Amino acid sequence: MAKVVDCVLLLAFIAVVRGQEACRTPDHRDGVCHPVQQCPSVRDEFFNSDRVLSEDEIDYLRKLQCKTKDVTICCPDGVTTVDRNPTAVRDGLPNPKAFECGLDTLADRIIGGNYTAIDEFPWYALLEYQSKKGERAFKCGGSLINGRYVLTAAHCLANKKLDEGERLVNVRLGEYNTATDTDCADGNPDDCADPPQNFGIEAQIVHPGYDKNGPYQHHDIALIRLDRDVTMNNFVSPVCLPPDDFPPTSPGLNVTAVGFGHTGRQRHSGIKKKAQFPVFAQEECDKKWKNIEVIGEQLCAGGVFGIDSCSGDSGGPLMVKRFYWIQEGVISFGNQCALEGWPGVYTRVSSYLDWIRQNIRR
């Protein structure tokens, strides 16, 4: 018994010395909070194969999460020296199983149209436009998918205003509050984000099937190649795209949207917000949008009064949590904003993985 006590005390001492927290797993084992990639048993059991995790396994992983500032789980193994270098994520699509994407803080959140935490959804991109008069405004969103590319909607890069002289001039990553120069959590000067990163545009790649003058928003997807590499940190990192064997989210289950879009009073929100709402069955969506011709490369979600993604979020990500965040859709269009019974329509990312891979380069 004395040896057991000594071991527990030693583990706690090591955790304090290394700045890690002691914890207890859901199956009542003592552990230490570490990044997943440093925990061999969890890494090998859940992430070193191509199989799709079950709902029970996903629930277990969620319960393993530590309430720490960084992304950690309760690991019963101790530490290994394997670590991810986030700056190594560059031109290829990041690998979820190598923990190169889809990770943000894991503290408890209340979702439902609320403001995000300062370091939640660090892949969100703001697209800034300049009018012919020189006025600048953020009008679309996007998502960082690797160290050089942002995924967005085609209508954010090809539309009537752009034909008339408006220009996309800037992509901003790592923004939380557009009204402040330095973003701090709850005004705490000791808990602040790194400065946002602004990028010029090297290339704009609109899907060739998108028709900006057509009656439908089919193939509403595009890529932006930034003018330089992104610097990865806790406030800027990529989202995961769906694996090839990704099972779509079933109707009735929730997905999450994020952005700086309109509030209920149609005013643009200066702070990053999130909303959670259910996926719509495809046949029900077809009935609602019978004049639009919703196709298989699109999905529908929302239709809950007061909770939806609005026009200011065009091009932003629609996501599902599979321990890490996977982008399932690109925000395309809707009927007004958060209208009861009317789902928004999103471009289905899994339908365009080959096109995305073919159009990203070094």
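Each residue, glycine too, has its Cβ placed from N, Cα and C.
Since the structure is predicted, the reported quantities are computational estimates derived from the model, not experimental observations.
The active site, charge relay system annotation in Swiss-Prot covers His155, Asp220, Ser314. Taken from Swiss-Prot, the feature disulfide bond covers Cys23-Cys74, Cys33-Cys66, Cys39-Cys75, Cys140-Cys156, Cys285-Cys300, Cys310-Cys337. Summarising the annotation, Swiss-Prot assigns domain 'Clip' to 22-75. The domain 'Peptidase S1' annotation in Swiss-Prot covers 110-361, and the record cites sequence analysis as its basis. Look at Swiss-Prot and you will find Asn114, Asn254 tagged as N-linked glycosylation site, backed by sequence analysis. Feature annotation from Swiss-Prot assigns signal peptide to 1-19.
Distance between Cα atoms for Ser314 (active site, charge relay system) and Cys285 (disulfide bond): 19 Å, as a whole number. On the backbone, the CA of Cys285 (disulfide bond) and the CA of Cys39 (disulfide bond) stand 43 Å apart. In the three-state DSSP scheme, Ser314 (active site, charge relay system) is classed as coil.
Taking only the Cα positions, the spacing between Asp220 (active site, charge relay system) and His155 (active site, charge relay system) is 6 angstrom. Proximity of Cys140 (disulfide bond) to non-local residues of its own chain (separation of 6 or more, Cβ distance below 8 Å) is seen for Leu127, Tyr129, Thr152, Ala153, Cys156, Ser314, Gly315, Gly316, given in sequence order. The CA atom of Asn254 (N-linked glycosylation site) is located 12 Å away from the CA atom of Cys300 (disulfide bond). Summary for the disulfide-bonded residues Cys23, Cys33, Cys39, Cys74, Cys285: the Cβ-based neighbour count within 10 Å is maximal at Cys39. Here the Cα atom of Asn114 (N-linked glycosylation site) is found 33 Å from that of Cys39 (disulfide bond). For the recorded positions given as Asn114, Asn254, Ser314, the lowest number of other CB atoms within 10 Å of the residue's CB is seen at Asn114. Within 10 Å of Cys23 (disulfide bond), counting CA to CA, the recorded positions Cys39, Cys66, His155, Cys300 contribute Cys66. The two recorded residues, Cys300 (disulfide bond) and His155 (active site, charge relay system), have Cα atoms 18 Å apart.
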